[in-house]
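Asker: For reference, Swiss-Prot lists these features for the protein:
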BINDING   His173, His175, Asp186  Zn(2+) binding site
DOMAIN    102-224  domain 'MPN'
MOTIF     173-186  motif 'JAMM motif'
Amino acid sequence: MLTNEISENEKPREKLLNYGIESLSSSELVALIIETGTKNESVLTIANRIIMKFKNVAEMQYASIEEFQLVNGIGVAKASKIMAAIELGKRISIVTEQEEVVVRCPEDAVKLVMPELAFLFQEHFHCLFLNTKNQVIYRQTIFVGGLNASIVHPREVFRLALRKSAASIMCFHNHPSGDPAPSSEDLLVTKRLAEAGNIVGITLLDHIIIGKNKYISLKEKGYF
């Protein structure tokens, strides 16, 4: 079915106006973003192809512009629109989290980072920076790649913490294997971070390892 053959009630824009944005499927949302189909395919057909390319919609946030362009019917203009929409959503999410979230326990923090870290194919070392009320004031990925003591240097972590006037930090990294069990390097990095935090007066509240839909809090396990 081509774009001009889609009935009025089936068009994503009309569906949004009649029933609200929540009524749209992921494919329909993408169709609204890319706007047009091709001579031979409707915008919904192309949008559905994009959704099917990824295991879940969350994985789209890690795709490059080249990966989107591998989808038949997607050129640089449409790929750019998709990436812009994803980036805007990420920025809104971060601002909302920073304004509202108080971290009272590891589970509170995991809810913030699990969607971002759980399905990555490389290790990412990520930090939350908190004020004296345990509110998140900033967050950032500090390192990407294999976690070891020579790469994850406390200096880089606490330089940013001092710049943001953080009272404490929580650190996270993912295990692409899905198994969150800590390695000896994980424990060494944690020890060095905790010691550095004591020196500069910024507490390391926890170092949490993220697996596939599960995690391990090194603080809860008594590793530091």
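Backbone N, Cα and C define each Cβ position, glycine as well.
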Asker: Would you identify which of the binding-site residues His173, His175, Asp186 has the most other C-beta atoms lying within 10 angstroms of its C-beta?
Answerer: His173
Asker: Could you give me the DSSP helix, strand and coil counts for the motif 'JAMM motif' (173-186)?
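Answerer: With helix first, then strand, then coil, the motif 'JAMM motif' (173-186) has 3 helix, 2 strand, 9 coil.
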